[in-house]
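Residues or ranges marked as signal peptide in Swiss-Prot (evidence: experimental evidence): 1-30. Feature annotation from Swiss-Prot assigns domain 'Plastocyanin-like 1' to 33-152. Swiss-Prot lists CYS49-CYS231, CYS111-CYS568, CYS210-CYS223 with the feature disulfide bond. Annotated Cu cation 1 binding site per Swiss-Prot: HIS90, HIS478, in sequence order. Summarising the annotation, Swiss-Prot assigns N-linked glycosylation site to ASN122, ASN355, ASN470 and lists sequence analysis as the type of evidence. Annotation comment: Swiss-Prot describes HIS136, HIS480, HIS536 as Cu cation 3 binding site. Taken from Swiss-Prot, the feature domain 'Plastocyanin-like 2' applies to 164-330. What Swiss-Prot records for HIS475, CYS537, HIS542, MET547 is Cu cation 4 binding site, and it gives similarity to another entry as the kind of evidence.
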Amino acid sequence: MLQMGKAREPNFLILFFFGLILAFGISSEGSQIRHYKWEVEYMFWAPDCNENIVMGINGQFPGPTIRANAGDTVVVELINKLHTEGVVIHWHGILQRGTPWADGTASISQCAINPGETFFYNFTVDNPGTFFYHGHLGMQRSAGLYGSLIVDPPQGKKEPFHYDGEINLLLSDWWHQSIHKQEVGLSSKPIRWIGEPQTILLNGRGQFDCSIAAKYDSNLEPCKLKGSEPCAPYIFHVMPKKTYRIRIASTTALAALNFAIGNHPLLVVEADGNYVQPFYTSDIDIYSGESYSVLITTDQNPSENYWVSVGTRGRHPNTPPGLTLLNYLPNSVSKLPTSPPPETPAWDDFDRSKNFTYRITAAMGSPKPPVKSNRRIFLLNTQNVINGYVKWAINDVSLALPPTPYLGAMKFNLLHAFDQNPPPEVFPEDYDIDTPPTNEKTKIGNGVYQFKIGEIVDVILQNANMMKENLSEIHPWHLHGHDFWVLGYGDGKFTAEEESSLNLKNPPLRNTVVIFPYGWTAIRFVADNPGVWAFHCHIEPHLHMGMGVVFAEGVEKVGRIPTKALACGGTAKSLINNP
């Protein structure tokens with residue numbers, strides 16, 4: 001009897017401690033479970049001092065910041081309170097190893113969450129870094145559905161650089177026209193382009209019809225703000241003689257941006273959640289989908305405040321710079337700097353943009369890429385007309401997502417859910433990237449590039465002339481489910497001669513990369529994350545117009561997928577027939 005009682009005691013203790021783990025959200029390895037309950041809904045807001053409708057979370061715009069340590073589990077209970085729209089949220093830069101269904105891409109990883117429904121996102125944040133989240137259905141990111149996601153090192157570990165304080169900055173662009181009107185315009189004959197944004201927002205705040213720097217330009221209307229308005233500048237409060245880390249992420253729908261602080265050099269230390277070899281610069285270019293950490297030292301005249309300026313690059317500017325203050329405490333925020341804000345470099349100075357981008361290399365000790373790849377895919381970016389509609393296409397295929405999510409369709413072998421013929425992996429060698437496209441074979445499609453697990457893949461992104469003469473645009477491309485090595489950039493068409501210029505020594509790891517006008521960008525990644533993953537231009541209207549592809553790898557190895565992720569299209573029928 002006594003022996004039996006002793007045998008049961010450890011089991012009771014195990015259950016007791018397991019209960020504590022659940023109650024306090026602490027895993028057995030010291031990581032935590034961080035639970036959030038979010039309600040997504042439209043609400044009236046005035047991001048740039050003009051009232052409009054934004055998509056917010058729990059009454060906040062931008063949405064709440066998620067903060068966790070590497071190794072933590074994040075659980076987001078998402079309730080869709082939109083009246084007539086579905087919703088999903090993509091966790092930008094989070095690899096979703098083991099949870100591809102939680103990537104938050106409608107028609108790829110999951111079904112859209114219907115109005116009134118609740119969906120639980122449950123995933124592990126593996127790596128420290130500066131990330132963010134955003135809507136990934138239609139153009140909901142442009143409507144304001146985004147927020148910050150910051151991952152600190154695991155408990156007991158430190159960053160490889162010192163700083164005394166931290167400032168988190170989320171950059172976005174804002175239109176007064178609704179996303180629904182924008183979507184209809186983009187899908188019309190003839191196309192109605194969305195135009196340039198009205199305002200650049202810093203942490204969801206900007207000024208459309210006034211300027212906080214009006215004293216330097218008599219043509220500008222001064223702002224008369226008390227500081228409590230939703231459009232009042234988000235002030236960077238700092239103490240003199242300290243080092244601050246500024247985490248910067250761009251959720252813009254269209255704009256490429258330039259960030260600068262008057263009189264303060266920026267030390268770049270992180271890009272897309274990966275450490276880089278530190279380097280100083282006066283300003284940084286940041287494209288949609290990218291994130292950076294920069295360090296600044298507050299060693300300037302402590303009796304002054306300094307301008308923080310965010311201007312547009314890469315497109316002919318029709319949007320004033322977003323402004324705020326670096327406020328040296330205890331100075332009053334009403335004390336404006338003695339000089340004008342930093343001037344944004346010329347919008348079309350692409351050499352300057354390239355020089356900044358080329359300086360980004362991996363920090364010492366970072367993982368190196370495999371020496372050779374098993375497979376190489378060339379992706380030609382072109383603008384085309386299909387049945388009178390203006391579309392973007394990759395290798396003459398404009399992506400239109402199917403009603404059944406790829407992940408479920410491939411998991412349950414639903415062969416009719418999407419085109420079983422893979423898209424082209426090359427484009428014609430004689431294609432002239434310097435002239436407008438004339439190929440009449442461009443089509444709408446939804447085929448998939450499939451990889452074997454462990455396959456080492458090179459992707460060559462090739463830019464080209466648009467339909468208008470002498471015009472080629474910057475495109476930032478984002479890959480879900482992976483980081484990749486950026487092996488190189490170049491002007492013109494990629495050829496075999498470019499092979500020797502590829503960087504295999506210290507290429508940076510990124511999840512978003514830019515291709516410059518009339519140029520190419522080469523990346524390499526390992527297909528080691530079972531799932532189905534989007535790879536697309538992060539400019540919202542370009543993706544809406546078909547500028548993306550879909551990668552799949554090892555779907556047969558994917559574990560159980562939550563039923564709610566598949567409750568639409570052909571997978572819904574499978575669930576009904578096979579409960």
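Yeah, the Cβs are placed from backbone N, Cα and C, and that goes for glycine too.
Summary: among the binding-site residues (HIS136, HIS542), the fewest other C-beta atoms within 10 A of the C-beta are counted at HIS542. The Cβ centroid of HIS475, CYS537, HIS542, MET547 marks the Cu cation 4 site; residues of that chain outside this set whose Cβ lies within 8 Å of it are ASN381, TRP392, PRO476, TRP477, HIS536, HIS538, ILE539, LEU543, MET545, GLY548, given in sequence order. Taking CYS49 (disulfide bond) as the reference point, none of the recorded positions HIS136, ASN355, ASN470, MET547 has a C-alpha atom within 10 Å of its C-alpha. Of the listed binding-site residues, namely HIS480, HIS536, the sparsest CB environment within 10 A is found at HIS536. For the recorded positions HIS136, CYS223, HIS536, CYS568, a Cα-Cα cutoff of 10 angstroms around HIS542 (Cu cation 4 binding site) retains HIS536. Taking CA atoms as the reference points, ASN122 (N-linked glycosylation site) and HIS90 (Cu cation 1 binding site) are 12 Å apart. Sorting each residue of the domain 'Plastocyanin-like 1' (33-152) by its DSSP state yields 3 helix, 61 strand, 56 coil.
Taking the Cα of MET547 (Cu cation 4 binding site) as the reference point, the closest of the recorded positions HIS90, ASN470, HIS480 is HIS480.
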